[in-house]
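S.K.: This is the structure I have questions about; it appears just below.
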């Protein structure tokens with residue numbers, strides 16, 4: 001542009017100095033003679049002036065040349081050349097459009113003859129350039145109304161206007177007009193039409209038009225290639241790329257960048273490496289766009305070493321290159337490497353932009369350094385970095401995860417423009433801190449503002465219904481999901497299942513599950529987990545079997561939840577089978593699956609097998625140590641439990657809240673109250689771990705088992721949050737053991753309010769009152785149960801016979817093996833009585849009777 005500007009000035013200077021009319025000031029007669037000579041040579045001079053002005057006009061193609069363009073226009077007006085030349089006026093109009101002076105272009109348009117197509121084309125092009133797409137189409141139809149026929153230069157910009165408005169029907173009408181006027185669809189109009197069709201889901205129309213274009217340049221191939229990539233049709237995109245090469249068209253950097261973006265998965269890394277070799281052959285490996293796409297491909301496939309090697313080989317690194325490498329490190333959880341590269345970028349004098357910080361801030365969140373996040377925010381403010389929506393989302397996220405809720409809210413409230421991403425970040429942040437009502441308020445505002453929600457927003461807000469146990473609200477959100485057509489997304493349906501299950505509606509959760517057309521591993525795992533967490537281990541195991549039957553691949557989550565179901569049954573035989581499956585399929589190296597295996601063996605009564613699994617683990621993290629410590633604590637082996645705790649510390653593993661939960665529970669079972677108090681204080685004071693609800697429940701149980709009910713009640717009063725049914729239920733159970741009516745009535749009052757349909761609390765209180773002889777109050781409790789419609793849930797037990805687990809309810813005669821079991825027991829009792837053991841029967845029992 002600079003060279004064009006210099007050329008324009010030089011030519012204009014030549015014209016204004018060499019073509020001025022010259023008069024000889026001697027006498028009037030001589031002057032008249034000179035004027036007559038000027039009239040004779042006027043046509044020659046005008047022709048020379050016109051050609052030179054045309055050269056200057058052609059050089060004016062940018063905003064910096066607007067002044068020279070206006071001078072040329074003035075020279076035309078002074079010379080009178082423009083008066084009868086409509087095409088020249090159209091060229092001046094085009095100059096104003098190219099120089100972004102649309103006001104001058106509009107004034108010129110209404111002062112020239114409009115019988116030719118050129119001025120209309122320039123105005124349509126100008127409107128498209130300004131983004132005024134409606135006016136571009138309006139001028140197109142106005143041109144047709146004036147009887148001016150479009151030419152091949154009209155259609156590319158008209159189609160671009162249709163594309164910008166996503167108006168496929170109008171695009172098809174323009175396409176029909178092109179065909180009816182016997183114009184061949186050239187590369188310019190064709191690429192615009194193909195882009196319009198592809199971006200609006202009309203891939204068949206795009207391919208049909210593409211096949212009809214006789215001469216295809218690289219740009220046209222790239223448009224078709226990008227269309228398939230954008231629509232997620234990888235196989236078709238690869239076919240287009242191969243056809244492009246077979247057709248003799250040499251792929252450029254745009255084509256390679258487009259096809260390489262498909263290879264960002266582990267399954268296609270081999271093909272991506274082959275394309276990398278082809279890029280090297282074509283000499284495009286250091287083209288910025290291709291190199292950045294290659295780095296992104298290697299990073300997304302987990303090959304950060306290859307990405308960094310390519311990064312180090314690049315002689316010229318632009319801002320996009322640095323951003324791509326930092327983003328790759330963050331995506332692969334390499335926070336230390338991302339921080340080092342960020343510092344290296346600053347040292348190299350490369351100024352980070354909003355995308356840099358949007359990519360880097362999650363690394364700060366992962367490293368749990370909120371102060372570093374504040375420092376980066378300060379750098380952003382001091383250096384005037386533009387805070388776009390993505391950067392604001394990252395800042396909101398880091399402040400929420402750092403516990404700075406007010407700062408995150410301040411960023412959101414001060415934003416003049418808000419999109420769905422920022423609202424989703426606010427909802428997720430509120431949910432992280434259990435602020436369910438605040439999250440719902442943000443979602444309600446989103447709906448009122450008519451901001452279109454996405455699947456991530458809906459998945460983020462559904463847990464709020466769980467926190468508030470609001471099934472009705474969950475159903476309304478489910479209806480909104482169905483209305484917007486999001487129910488076909490598997491992760492959304494999994495979130496809906498999870499919401500219903502955690503709200504106690506397993507029936508609705510299962511109904512959603514069976515209606516999923518294409519169930520992935522996540523949906524199966526979600527339903528199995530829901531059954532496990534809601535006390536349905538049998539159903540969880542059945543679903544686990546079905547998952548294998550339909551050919552779904554198990555992962556560590558599936559295995560862990562199946563082992564949890566085996567532990568809750570208990571079903572040692574199935575647990576051992578899963579253990580064998582783990583060894584055979586290399587799941588025995590997964591820390592979480594092995595930890596679940598330890599828990600299963602411990603809860604099935606085989607502590608020795610649990611310890612054997614622990615000893616064979618090559619790697620142990622805090623979850624593994626917590627599992628074995630909890631296993632020994634569950635069996636009341638406090639000495640071994642504390643020994644493992646000390647060994648854990650010696651191995652450099654920092655204990656967490658789960659570790660202390662197992663130790664405090666073990667102290668309670670062993671009756672060592674002072675030790676339990678010591679480890680509770682050690683957790684809160686020495687390690688700074690905030691006590692949770694379950695820790696307070698353990699402390700209440702610790703005091704309750706020792707009969708120190710007053711201290712148990714004081715512990716409840718000191719809780720920083722409202723106690724739940726688990727805490728009050730623990731106190732009520734201790735009152736039953738020690739016969740304390742006063743605290744029993746206090747605890748039961750809270751329990752009846754929190755969970756009025758739980759029959760266990762009513763039975764416990766009535767038993768406590770019965771032990772003290774208060775039969776009138778016992779009857780009152782029984783009457784209350786009838787009034788509230790509370791029914792006593794019978795207890796049940798499991799027994800494993802011949803590697804098969806059977807469940808029996810008290811006085812159960814419905815089990816298919818119950819008659820056989822009772823017959824065996826009757827025969828055994830009769831035989832014992834014949835031998836003289838136990839009292840003799842007073843009456844003869846009828847056959848198949850229940851003893």
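Using the three backbone atoms N, Cα and C, a Cβ is placed for every residue, glycine included.
TrEMBL: automatically predicted annotations, no manual curation.
As the structure is a computational prediction, the values presented were derived from the model and not from experiment.
The following feature annotations were taken from TrEMBL:
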- 116-150: repeat 'PPR' (REPEAT)
- 217-251: repeat 'PPR' (REPEAT)
- 318-352: repeat 'PPR' (REPEAT)
- 520-554: repeat 'PPR' (REPEAT)
- 621-655: repeat 'PPR' (REPEAT)
S.K.: Cβ under 8 Å to the repeat 'PPR' (621-655), counting only same-chain residues 6 or more beyond its ends: which ones?
M.R.: 591-592, 594-596, 598-599, 601-603, 607, 610-611, 614, 661-663, 665-667, 669-670, 672, 675, 683, 687
S.K.: Tell me the residue counts in helix, strand and coil for the repeat 'PPR' (116-150), as DSSP assigns them.
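M.R.: Here the numbers are 26 helix, 0 strand, 9 coil.
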S.K.: DSSP helix, strand and coil counts for the repeat 'PPR' (318-352)?
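M.R.: Grouping H, G, I as helix and E, B as strand yields 26 helix, 0 strand, 9 coil.
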S.K.: For the repeat 'PPR' (621-655), how many residues does DSSP put in helix, in strand and in coil?
M.R.: 26 helix, 0 strand, 9 coil
S.K.: Can you work out the mean pLDDT of the predicted model over the repeat 'PPR' (520-554)?
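M.R.: Average per-residue pLDDT within the repeat 'PPR' (520-554): 89.
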